[in-house]
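K.L.:
What Swiss-Prot shows for this protein is this:
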- His83, His182: heme b b562 binding site (BINDING)
- His97, His196: heme b b566 binding site (BINDING)
- His201: ubiquinone binding site (BINDING)
- 33-53: transmembrane segment (TRANSMEM)
- 77-98: transmembrane segment (TRANSMEM)
- 113-133: transmembrane segment (TRANSMEM)
- 178-198: transmembrane segment (TRANSMEM)
- 226-246: transmembrane segment (TRANSMEM)
- 288-308: transmembrane segment (TRANSMEM)
- 320-340: transmembrane segment (TRANSMEM)
- 347-367: transmembrane segment (TRANSMEM)
Amino acid sequence: MTNIRKSHPLIKIVNESFIDLPAPSNISAWWNFGSLLGVCLILQILTGLFLAMHYTSDTLTAFSSVTHICRDVNYGWVIRYMHANGASMFFICLFMHVGRGMYYGSYTFMETWNIGILLLFTVMATAFMGYVLPWGQMSFWGATVITNLLSAIPYIGTNLVEWIWGGFSVDKATLTRFFAFHFILPFIISALAAVHLLFLHETGSNNPSGILSDSDKIPFHPYYTIKDILGLLIMLMVLMILVLFSPDLLGDPDNYTPANPLNTPPHIKPEWYFLFAYAILRSIPNKLGGVLALVLSIMILAIVPLLHTSNQRGMMFRPLSQCLFWLLVADLLTLTWIGGQPVEHPFITIGQLASILYFSIILILMPIFGTIENQLLKW
């Protein structure tokens, strides 16, 4: 009799995706982040579900309901802080995952890469709407400022913003619809993640050398299941240290003040994982130009495969491109720091220079360095 694992229509799919999947024998810990993102997503859906049982999406009671969760619900504070810091872990894993794709040339799997970009946008939208729900000062003003950016779109901008708000300002209608979208989007993300995996399994995984590994494959289980569990334990340890020792480390103190439309906080800023894009937005004096730069800072990932000039796939054997890649990482960290600073003299200039460098590295320097390395190898 055939093993049920290989014959049952449903279990067979799981088997081919997670058990008998042929995987390259040399993939490093950088390939852990896909499974970690899956765990993050499940964790966020579960904690979010329990939070939604106690949350009320009304401007008068939203802030109080979050306080009620933290004070009165059994272990509500753990659930709330796991959800808030879980989002941070989600984005850390996302950035590492995308960085891995950039470094090792995984973007040559075009369908997988493009679904990944779509996933990144969807996760960012979900996180933004989730930040609005506690209805603190930063929630309200963050929602006002970021949604207001759409008014820069010519002709339809103002109508579009009022349509999203459901009125003439961010109010009850906005909060209710944001809660509805925040609840449904993670399930859409789950579906997209399944498609992402489907496309990946059409081609098989890339590996650090960038060389085709069809001749040297090993089963995913037990080798990579054990390896992924190590990464999972490290991530859960970091998450729980954050949750149990300094749950507000990555949050904004202003969000412990209930939303007040009559009082603007001195410095409006989003969560840390959006700061790099926020810095790029602020470094352009023109509103429409800033919005375009903001969108392009992520959309630029879609043209990375078209700008690949090197004869080699990954950067493992390309020291010049490696230097450029780590310069890009340093630049993104600089942008993240600048996004959290007030808009005044040294920070404005640093932000503008870092923004120019960001686009220059991806659009100009990386293709040039790829060509130079091709020439060097000919000698």
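We count from 1, first residue shown onward.
Cβ from N, Cα, C; glycine included.
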K.L.:
Quick one: do the transmembrane segment (33-53) and the transmembrane segment (178-198) reach 3+ CB pairs under 8 Å, ignoring pairs fewer than 6 apart in sequence?
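P.N.:
Yes, the transmembrane segment (33-53) and the transmembrane segment (178-198) are in contact.
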K.L.:
Can you work out which residues elsewhere in the same chain, 6+ from the ends of the transmembrane segment (320-340), have a Cβ less than 8 Å from its Cβ atoms?
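P.N.:
Long-range Cβ neighbours of the transmembrane segment (320-340): 99, 102-103, 269-270, 272, 274-280, 282-283, 310, 347, 350-351, 354-355, 357-358, 361-362, 365-366, 369-370, 372-373.
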K.L.:
Roughly how many Å separate the Cα of His196 (heme b b566 binding site) from that of His182 (heme b b562 binding site), to the nearest whole number?
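P.N.:
Roughly 21 Å, rounded to the nearest whole number.
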K.L.:
Looking at the binding-site residues His83, His97, His182, His196, His201, which one has the fewest other Cβ atoms within 10 Å of its own Cβ?
P.N.:
His201
K.L.:
Let me spell it out: take the transmembrane segment (288-308), skip the flanking residues so only those 6+ beyond its ends count, and list any with a Cβ under 8 Å from a Cβ in it.
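P.N.:
Those are 98, 102, 105, 107-108, 110, 113-114, 117, 120-121, 124, 149-150, 152-154, 276-278, 280-282, 355, 358-359, 362-363, 366-367, 370, in sequence order.
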K.L.:
For His201 (ubiquinone binding site) and His182 (heme b b562 binding site), determine the Cα separation and express it in whole Å.
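P.N.:
Given the Cα positions, His201 (ubiquinone binding site) is 29 Å from His182 (heme b b562 binding site).
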K.L.:
Given a Cβ distance threshold of under 8 angstroms, which distant residues of the chain, six or more beyond its ends, lie next to the transmembrane segment (113-133)?
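P.N.:
Same-chain contacts beyond the flanks: 55, 57, 62, 66, 87, 90-91, 94, 97-98, 101, 106-107, 139-140, 142-143, 146, 174-175, 178-179, 181-182, 185-186, 188-189, 192-193, 195-196, 199, 270-271, 273-274, 298-299, 301-302, 304-305.
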